[in-house]
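This report concerns only the one structure given below.
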């Protein structure tokens with residue numbers, strides 16, 4: 001293709017990809033399968049690599065993430081990003097309303113969900129995104145333009161050539177947060193405490209490729225100077241932003257009076273667990289800009305807005321002890337052992353203590369009355385100590401200096417907060433590697449859970465993953481609660497795992513920094529273990545989302561004689577070393593019932609796991625999301641389906657039972 005043809009085709013591709021991205025990330029209603037989007041993206045990347053001068057500021061390829069930055073520049077906000085005064089009860093809201101009415105008379109309000117994320121400012125010139133910044137101290141923030149470009153719901157070009165500055169909240173959805181922490185746990189990295197910290201940490205990465213891998217989202221909630229654009233009210237501004245192509249939260253309401261505001265607050269206090277993202281309250285703003293101007297602001301916050309904060313569900317219980325565990329990468333993690341207590345609807349007996357620094361900073365002692373909450377309503381964590389309840393019997397805790405399993409000296413590597421055991425033959429690490437290898441996300445060996453692995457390990461029957469493939473029935477039946485039938489089933493599951501596709505084996509090997517998603521990308525790209533073993537650092541970094549740190553870890557792994565020996569053993573036992581999945585560019589069957597549809601899974605499926613069902617739907621061109629909305633096309637309901645099924649029925653969305661679901665995926669295999 002000559003340059004003129006390339007220029008025309010690049011323009012076509014940009015228009016298509018920007019439209020498809022808007023449908024997918026903003027409207028939540030994709031019109032093409034993911035595979036088609038990926039194919040077009042790869043075509044545009046190839047053109048821009050051949051003709052770099054054709055790359056434009058609104059090109060969707062800008063979302064992949066550019067080279068790492070040396071530091072963040074400071075950005076002065078043209079209009080200050082003020083914080084809001086807080087309200088903690090109905091009385092505070094009525095006091096706010098009374099002050100408003102005293103100044104400007106009756107006023108209508110706009111209520112919006114207060115997203116628990118990171119406030120950002122985004123600036124556009126002639127319709128093009130030119131700069132993004134954090135809130136900082138309200139007058140000066142940090143330039144995070146390159147990281148914000150990686151958020152797919154943020155338009156790089158608006159639908160009109162206007163110049164404006166919008167304000168919004170970048171956040172990490174619950175599903176992305178759980179997935180990220182699972183991947184970090186698999187890599188032996190410290191877990192994020194909550195989705196807000198994860199979002200903030202992602203946007204403050206100097207390497208935009210890291211931000212691109214984190215699946216962040218963004219709602220825009222206002223304009224820095226809306227009246228200059230001829231807009232008279234906040235509700236009009238939100239509608240205008242939405243019309244320009246921004247993602248604006250649909251869960252908002254214009255309220256005629258404070259009673260309607262209080263009803264909205266009460267409604268979302270009960271409904272917030274159903275949301276796919278975290279909120280920590282409701283923002284209430286006077287709707288009229290003329291009234292806002294009349295009310296003015298204090299030095300810290302506007303008088304025309306207030307943030308109602310939901311009370312965090314925190315409970316107090318006793319810290320019985322602190323358990324120290326060694327993970328498969330050698331990271332030593334302290335866990336609080338608690339008197340059982342109910343938090344956010346579940347009984348909690350264990351909670352994260354993060355690391356040694358956290359325990360020291362909070363001065364947490366065994367026997368303390370400690371405050372527990374669920375971080376982002378997801379992970380139980382100790383957030384503080386009730387010092388007034390100390391009676392002198394509490395015991396300060398010190399992290400061990402030697403590994404509790406192998407007694408090797410623990411070390412803290414440069415730049416890390418965690419202590420590590422560096423002994424590669426540490427029994428705890430060997431055991432955890434076996435558990436990881438057999439896990440559902442890796443080799444998926446049914447029946448080979450933590451208890452069975454521990455028995456096998458303690459009996460001296462296995463030391464590394466290759467040993468699993470030479471186990472015999474006679475060895476297994478000697479284990480506790482392992483009869484002949486159970487032994488036969490386990491051996492069959494081990495045998496079946498030999499046929500897994502490469503990405504499962506690759507993830508199961510536990511290479512540092514290589515989570516399930518990276519393993520999938522590597523397997524798709526290299527197709528065989530042999531090619532991956534021979535890959536150079538540069539070839540690895542050519543794979544989307546594989547950065548320098550991961551590439552270094554992969555090359556270091558394959559350079560170890562122990563890794564070479566292990567792979568030779570696995571080959572000898574007949575373990576598959578090739579990628580069996582569809583190429584990302586593959587088309588879904590034309591007659592697929594899932595092609596281009598947004599699907600929600602709810603309840604328990606008898607025939608397969610949730611992840612397996614998701615894989616089947618995506619293989620057939622569908623997209624799986626975590627919550628039911630008007631843009632959902634189909635809900636698949638298993639046993640004990642709950643609120644998602646009810647919402648689907650209310651919205652008139654098509655619902656399938658498991659039998660119909662199996663019918664369709666089996667038809668798609670023909």
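Placed from the backbone N, Cα and C atoms, the Cβ positions cover glycine too.
Per Swiss-Prot, these features apply:
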{"type": "ACT_SITE", "residues": "114", "note": "active site, N6-AMP-lysine intermediate"}
{"type": "BINDING", "residues": "34, 35, 36, 37, 38, 83, 84, 112, 135, 169, 285, 309", "note": "NAD(+) binding site"}
{"type": "BINDING", "residues": "403, 406, 421, 426", "note": "Zn(2+) binding site"}
{"type": "DOMAIN", "residues": "589-670", "note": "domain 'BRCT'"}
Request  = Look up residue 426 (Zn(2+) binding site) in the DSSP assignment and reduce it to helix, strand or coil.
outcome  = coil
Key: Among 36, 38, the most crowded of the binding-site residues [Cβ within 10 Å]   = 36
Query = Which residues, same chain and not among 403, 406, 421, 426, have a CB within 8 angstroms of the centroid of the CB atoms at the recorded Zn(2+) site?
reply = 326, 330, 402, 404, 405, 407, 408, 410, 422, 423, 427, 428, 429
Request  = Please report the DSSP secondary structure of residue 406 (Zn(2+) binding site), reduced to three states.
outcome  = coil
Query = Hey, which of the binding-site residues 135, 285 is the loneliest by Cβ count within 10 Å?
reply = 135
Inquiry  = If you count CB neighbours within 10 Å, which one among the binding-site residues 84, 403, 406, 421, 426 has the smallest count?
reply    = 406
Ask   = Using DSSP, would you call residue 421 (Zn(2+) binding site) helix, strand or coil?
value = strand
Note = Averaged over the domain 'BRCT' (589-670), the pLDDT of the predicted model comes to 82
Message = When you rank 36, 38, 114, 135, 285 by Cα distance to residue 426 (Zn(2+) binding site), which of the recorded positions ends up on top as the closest?
response = 38
